[in-house]
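Student: Annotation comment: Swiss-Prot describes LYS63 as active site, proton donor. If you look up Swiss-Prot, you'll see ASP12, LYS34, 61-70, THR116, ARG177, GLN186, 206-207 marked as substrate binding site.
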Amino acid sequence: MSARDRLIVGLDLPTLAEAEKIVSALGEEVLFYKIGYQLAFAGGLDFARDLAASGKQVFLDMKLLDIDNTVAKGVENIVKMGVSMLTLHAYPKAMKSAVEAARGSNLCLLAVTVLTSMDEQDVMDAGYNYDPQSLVLRRAEQAHAAGMGGIVCSAAEAAAVRKIIGGDMALVTPGIRPAGAEKGDQKRVMTPADALAAGSSHLVVGRPIVAAPDPLAASRAILAEMESALSG
């Protein structure tokens, strides 16, 4: 895969108009976009369909979690949207039902392990007797066993996760920040080059591109860093 196949621009924006403006500005430079809750509930689901129909790849970041049948029925309808990736929380029964519902389609199901905004204290406060990396690795094992298409985790855990899941599953890493960029609300971050070196297959970059004075120039700089890392 080239850098352009691996870069996912996060459209974490409040309005459809802002998202459309970013996609227009990035043009053919960016092939892959992430749509999460914020945009999804502001017309983003129809926008996801339109992007997919136009030839772009779409990562629908819905982090599904519900009873088995509800998850399965939701996945069946999401398959019809033509998007490329969908997230679920890494709970075994939900993952297994989703895998069955997506069987035979091109939808890559991604297991969310531990949010990159969480540190060790956050994990403990949530009631887990694990440090973040141990919880990530446990959930990665469960996702692999369930037949999921990939894992979402921070680049800090990417190398350890890759050892567990092998080379075939996607490893999608949010919390990517170019050198010198502010972390924002992310606590476990890494540069694009370091994330690729750690085993990430896809990098999600939001604010460093969409909030940049020149989003196209920002995307090109990140793609150049990724290409350099991939060729090195």
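Each Cβ is built from the backbone N, Cα and C atoms, and glycine gets one as well.
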Student: Quick check: in three-state DSSP terms, what is ASP68 (substrate binding site)?
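Tutor: SS state of ASP68 (substrate binding site) = helix.
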Student: Let me know how many other Cβ atoms fall within 10 Å of the Cβ of ASP12 (substrate binding site).
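Tutor: So the Cβ neighbour count for ASP12 (substrate binding site) comes to 18.
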Student: Under a criterion of Cβ-Cβ distance under 8 Å and sequence separation of at least 6, what residues of the same chain contact LEU65 (substrate binding site)?
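Tutor: In sequence order, VAL71, LEU88, HIS89, TYR91, ALA94 meet the Cβ cut-off.
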Student: Which number gives the other C-beta atoms within 10 angstroms of the C-beta of MET62 (substrate binding site), all protein chains shown included?
Tutor: 19
Student: Where does MET62 (substrate binding site) sit by DSSP, helix, strand or coil?
Tutor: strand
Student: Can you tell me how far the Cα of THR116 (substrate binding site) sits from the Cα of LYS63 (active site, proton donor), in Å?
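Tutor: Cα of THR116 (substrate binding site) to Cα of LYS63 (active site, proton donor) measures 14 Å after rounding.
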